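Okay, so here's the structure we're looking at.
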Amino acid sequence: MTLLLSLFGEQDERFIWIRHDVDQRLAQQTLDYDWWLPIDGNRLFNYDLLVGVSGVLAILVRTGVHMGIIQEAIERLLHVLLQFVMGEQTYQDHPWAVPATLFPTAQRRYRTAPVINCGLAHGIPGPLVALSLAWQAGYRIDGQWTAMQTLASWLAEQYVQTAWGIDWPDVVPIQFSHQPDPFHPPARSGWCYGAPGVLRSLWIAGHTLSDSALQQRTLQGLDALLQRPTETRQIDPVTLCHGQAGLLLIFTHFFQETGRSDAQTQIIHLVEQILEDAHGDTPLGFRYAFRREQSVNSPGLLLGVAGTLLALLAAITDVPPVWDRALLLS
């Protein structure tokens, strides 16, 4: 809500005071909330984008430098993120580890072994982008630059080699967290998990840190992502979270910022694929998979028509989709 109000406020000043009130309420909730969650007998830090510190921080810093309770909330979020990154509290002797039992596919591979999450929605890319966006907005505290470098360098090295080039897994067991392991399978090519979200986070961090090597690693990963065969992407039709719309949105960002013709070609193909799944006889124009052999009319952002249409709109215009700050893409 606060992101939408800030966007509306750029067009109509009547929304500015409403947004400020909502920001203050969010800031108070941030200060009152315990960001450490009891899971499987452990206290784990709720750092992720969707329901944790990274998402809240990225939204609060969007409109520049604040004063009062909003500034206090932002500074608290920065400090707790730095405590997390630099390892003041750990699970299984690693500050970023979580139980593999939290991820059904990872549990099948690693049983109860601690893992580090590499997905943008719930993993290490979230804090990396949030700290980078805060730095760009003028919020800078001691240790923040080092924390960004630590996250970025680790994430950049967790690639796996595939037939189409380098890619990223969904999780990494902590015993392999200091070096790439060729036996980790690549994740789907989605926003939530996989190379698209990882590459976007590395790209934003690379610009914030003015790190040319990190930017080159991102472009190397983009080369591979553009060459990954469609049948191996493991993504759903039309959705934003783990489907074609999310990949379309990320390709759109890279095309707008690099001008690469191969990215534009992929955008055209994805738009065509999404439109092939349009159903004019349904209330919302698209149907979304719900359970096996079942589909629903979904108005939602991540798994519904709102996300699909916003991604299509971004792809057919040259206007940067700043609304996707909510997804840590801008």
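Each Cβ is built from the backbone N, Cα and C atoms, and glycine gets one as well.
Heads up, TrEMBL stuff is auto-annotated, nobody curated it.
The Zn(2+) binding site annotation in TrEMBL covers Cys192, Cys241, His242.
Structural mapping of features recorded in TrEMBL.
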residue : record              : CB count, 10 Å
Cys192  : Zn(2+) binding site : 25
Cys241  : Zn(2+) binding site : 21
His242  : Zn(2+) binding site : 24
Listed in sequence order, residues not in Cys192, Cys241, His242 with Cβ within 8 Å of the centre of the Zn(2+) site Cβ atoms = Ala121, Arg188, Gly190, Trp191, Tyr193, Thr239, Leu240, Gly243, Gly246, Leu302
